[in-house]
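Engineer: Got these off TrEMBL a minute ago, pasting:
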COILED    89-116  coiled coil
COILED    180-207  coiled coil
REGION    1-20  region 'Disordered'
Amino acid sequence: MDHAAEHLDPTTPAPSSAASSSALAEVNAWLASLAAEAGVAGGAVGRGGGGGAAAELSLGSDPTPRGVAYLRALASASQARSRAAGIAAAGLRAQAAEYRAEAARLREALERAGLARDALPPPAAAAARAVAAVANLLAIRDTEMSSFVVASADLSLRRPEVEEKRDKVHKESKALLDYTRKAINKLTELKKMLEKFKNDVEKQQVDQMADWQTKLVMMDSKERQYILQVSNYKAMLNRVGYTPEINHGVLMEMAEHKKDLERKTKPIADTLRSYQDLPPDKALAALAIEDKKRQYAAAEKYLEDVLQSALTTTGL
């Protein structure tokens, strides 16, 4: 990357007013030079093109400081590159002039020696062209034997390296070819799998739609059944006299009151349950009570006799 690109940073802080005016002048001058070059180039092609370019290459009435700074950096980089290109072009032009002068001297010397290209016979001209082609191929500027030997030796030394590079490139190309073939096979398999998945998805969608239709029919029947049950429950609640005032709280209070009543009536129910074995007649009931009392007295006497005999046995 060119070092001049480091200055093309639009995030640089905006300059002050004085620096901004000078930067604006530099940018306008640079744009004017570009417009002049464009006008010259347009004039070479056709008249009337330079005025449009000059009108387009100009800043607006209210340019932003950041845009002026960016264009100034761009102008600096462009001017630096232009100067570098001018120096390189001047050097190349000087070298070309030297080569042309040397070629003219050599051509004059060959013509004086009778070895001009036009005066050579066809075999000699063909040999000269072959020697020139070999010299160009070996990158040498003369036809000395030593230069050809050195170039041939250098070529021989570079041959193993070139062969090694060629083998390496051949191996890489072969590996790339194998990888490409595997990738093509994999792509073919993936395409087949995709087609299979598409068919499976279509089949699954058809089955799923059939399943959904069946479920919708079932849900429809369930909905009708539930609606009928709700209407029956409403009718039953109307028959038992249910009203919206009977809520959960009222039912819980009634349940607590019922439990309280059951707790209070349980002793009375137990007492009444104990009299269920008595006969309904009063005389018979009195006789039954007397019989129970006699049985109770006999049981007490038997218990006393058992305790007395146990105390006597312990005293012995």
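Every residue gets a Cβ built from N, Cα and C, even glycine.
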Engineer: Same chain, outside the coiled coil (89-116) by at least 6, Cβ under 8 Å from its Cβ: which residues?
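Structural biologist: No residues contact the coiled coil (89-116) from elsewhere in the chain.
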Engineer: Mean pLDDT over the coiled coil (89-116): what is the value?
Structural biologist: 83
